[in-house]
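For reference, Swiss-Prot has these:
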- CYS44, CYS45, CYS110, CYS140: [4Fe-4S] cluster binding site (BINDING)
Amino acid sequence: MEIKTIQSEEEKLIGKNVFLTTLDAVFNWARGNSLWPLTFGLACCAIEVMAAGGPKYDFSRFGYEVWRPSPRHADLMIVAGTITKKMQPLVLRLYEQMAEPKYVIAMGSCAISGGPFVDSYHVVPGANTFLPVDVYIPGCPPRPEALLYGWLELKRKIQNPRVVKR
């Protein structure tokens, strides 16, 4: 009699887990379609981010229109431009203040590898040296279309969590 009770409790738990797995897909869909990026820029690539926010590219059709001025309300950081050693702790502090789950896009040659300034004494050789970068968008500066493609790749990674490796 005790064995049957344990089996029935296990069946109830299995049923709940299957339901939660289905909810995970819904949550990942919602996260991928409602990213809230942090508004801050480091250099010339930030100008391209501003250009991408205009009506010509219409990022709002993908749900990417809510730019947050506070890191506590944002879940996406776009590191766009040269990161100096003096700016590195501030960027890291902004990242630490962001809400979970949080994602990082490195946009431009300077954010990815230091760009043409990599041999300078004050330039950090890439955002991935101190931040977990999810998507890299190469270029100097990348076009707004490249930013849109990178955002869609991040959306794909969020909606398929097996792709995300940290």
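For all residues, glycine too, the Cβ spot is worked out from N, Cα and C.
Distribution of Swiss-Prot features across the structure.
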{"residue": "CYS44", "record": "[4Fe-4S] cluster binding site", "Cβ contacts under 8 Å, 6 or more apart": "GLY81, GLY108, PRO141"}
{"residue": "CYS45", "record": "[4Fe-4S] cluster binding site", "Cβ contacts under 8 Å, 6 or more apart": "ALA80, GLY81, MET107, GLY108, CYS110, ALA111, PRO141, PRO142"}
{"residue": "CYS140", "record": "[4Fe-4S] cluster binding site", "Cβ contacts under 8 Å, 6 or more apart": "GLY108, SER109, CYS110, GLY115, PRO116"}
Worksheet entry | Neighbour tally for CYS110 ([4Fe-4S] cluster binding site), based on other Cβ positions within 10 Å of its Cβ | 28
Worksheet item: In the same chain, which residues outside the set CYS44, CYS45, CYS110, CYS140 have their CB within 8 A of the centroid of the CB atoms that define the [4Fe-4S] cluster site?
Response: ALA43, ALA80, GLY81, THR82, MET107, GLY108, SER109, ALA111, GLY115, GLY139, PRO141, PRO142
